[in-house]
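Participant: The transmembrane segment feature in TrEMBL is assigned to 21-48, 54-72, 84-109, 129-146, 192-217, 238-264, 276-300, 321-341, 353-374, 386-406, 412-431.
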Amino acid sequence: MKDKNIYKRALQIAWPSVLESFFIALAAMIDTIMVSSLGSYAVAAVGLTNQPKFIAFAIFFSINTAVSALVARRKGQNDKRGANTVFSSAFVASIVLCILTTAFFLYFSSDIMRLAGSNKDTHEAAVKYFNIIIGGLIFNIIAMVINAGQRGSGNTKIAFTTNLTSSIVNVIFNYLLIGGNLGFPALGIEGAAIATVLGSAVAATMSVFSLFHKFTFIDIKYIFRKKISPKFDAIKSIFNLSSSFFIENIAMRVGFLATAISAANLGTDPFAAHNVGMSLLSIGFSFGDGMQVAAVALSGRALGMGEKEEAYNYGKVSQRIGLGISIALSLILLIFGRAILGNFFKEEHIIEMGLLINRFIMLILLLQISQIIYGGCLRAGGDVKFTLLVAIIAVTIIRTSVTLLFTMVFKLGLVGIWLGVLADQFSRFVLLRHRFHKKKWLDIAI
């Protein structure tokens, strides 16, 4: 296949996923801007919930990554029954796990927020926000598992449409419920959480309807007509593949949580600046994640068809596109950094903290998007043990060690925090890039 056709196909699959991830990140950023009107304590309180929330999501992210990889492989094999068996098995398993996860995190929410680094300024607000978000977890899970199946089959537009609509609903209800506009009650930080859950509920509803579309590969009518039910072998395949993803996710969250706790210990204002920095970095992640979806779908399908070199080429092309995006984002941050931060804070000392963080982000973006795409290709090929090893080395060990060294020993504050983030991203980039180009991931059966 010529390079031109590979670029064209990669962009066709990628653009809905890139825009989907971007609008999710943008909605989260707008959410932070709206919450910042309540004060820096509110930004810090919401920031405290992020890592515990993602720990709750970890098993579901892992299942969904496995579902996308398996469905893509079955699509390449033209095995519709196998793909729908994988999906139905994952859906039932996810609902059961969601009920258990929700109950656990609601019961221990106050203790979890203390562990995350809350103080007297932020604890009560963080617990309220966290409880509402976790209470609506079921909507996230329904949308996530359906969209994972659709993405794996190459139908990235469904996930784009549902998440774009969800983001719009979230922003609208943020406006209505945080400050109390157009006759709605002013619920503050709780209003922001309710708006997020309402957006998730809309996404879940739209995702369910997508299963009834004509010509969809993941098809609820087909499932009922062929009497497809969850199968132990399918669940075993999902959990065999997702177990490494899950441990990888948890290993990463340990490192992220250590960073967040270290930042929280610097005080409310530095932690607020740190969280805005993480929101800006999430924009870069969103583009990398979108390109990763394309790489997983295209490389996975090519591997299912036995076209190993084509799978490798799709990965290379996706990374090149991602690098171009990262350069553009870094330039935007260089030129408009102060103006962007002015939307979050009026206090000059917090803006200066944000500008310091921006210098790190501009460099990190050049590494982040590429390493996400390399990792996605390895997972699509089933090389999950290596991606797990990288997560443990780079995030759990290097990020945590560097962060603690520069904040606790050398007392560098936010500089120490972001040196840890940079060390993590650089390590992942080097290790995943090397593994990708060795091509061992092309020979793994899943």
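Keep in mind that glycine also has a Cβ here, set from the backbone N, Cα and C atoms.
Thinking about packing and proximity, how do these listed features fit into the structure?
Facilitator: Proximity of distant same-chain residues to the transmembrane segment (54-72), defined by a Cβ-Cβ separation under 8 Å and at least 6 residues beyond the stretch ends, is recorded for 83, 86-87, 90, 93-94, 97-98, 101, 105, 134, 137, 140-141, 144-145, 147-149, 151-154, 217-218, 237-239, 241-243, 245-246, 248-250, 253, 256-257, 293, 296-297, 299-301, 304, 379-380, 382, 446.
For the transmembrane segment (129-146), the list of distant contacts is 45-46, 49, 52-53, 56-57, 60-61, 63-64, 67, 87, 90-91, 94-95, 98-99, 101-102, 105-106, 109, 112-113, 158, 162-163, 166, 189-190, 192-194, 196-197, 200-201, 203-204, 206-208, 210-211, 218: same-chain residues at least six beyond its ends, Cβ to Cβ under 8 Å.
Residues 7, 10-11, 14, 18, 276, 280, 283-284, 287-288, 291, 351, 354-355, 358, 361-363, 365-366, 368-370, 372-373 of the same chain, all 6+ positions outside the transmembrane segment (321-341), place their C-beta atoms under 8 angstroms from a C-beta of that stretch.
Sequence-remote contacts of a segment are chain residues at least 6 beyond its ends whose Cβ falls under 8 Å from one of its Cβ atoms, and for the transmembrane segment (353-374) they are 269-270, 273-274, 276-277, 280-281, 284-285, 287-289, 291-292, 295, 315, 318-319, 322-323, 325-327, 329-330, 333-334, 337-338, 341, 344-345, 414-415, 418-419, 421-422, 425-426, 428-429, 432-433, 435-436.
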Participant: By Cβ distance under 8 Å, which residues at least 6 away from the ends of the transmembrane segment (21-48) in the same chain are close to it?
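Facilitator: Non-local partners: 113, 116-118, 121-122, 125-126, 129, 163-164, 166-168, 170-171, 174-175, 178-179, 188-189, 192, 195-196, 199, 260, 264, 268-269, 271-272, 274-276, 278-280, 282-283, 285-287, 289-290, 293, 343-345, 347, 350.
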Participant: Under 8 angstroms for C-beta pairs, at least 3 of them, ignoring pairs fewer than 6 apart in sequence. Is the transmembrane segment (84-109) in contact with the transmembrane segment (238-264) by that rule?
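Facilitator: Counting Cβ pairs under 8 Å (6 or more apart in sequence), the transmembrane segment (84-109) reaches the transmembrane segment (238-264), since there are 3 or more.
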Participant: Look over the recorded stretches 276-300, 386-406, 412-431 and say which has the most C-beta pairs under 8 A to the transmembrane segment (238-264).
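Facilitator: Top-ranked stretch among 276-300, 386-406, 412-431: 386-406.
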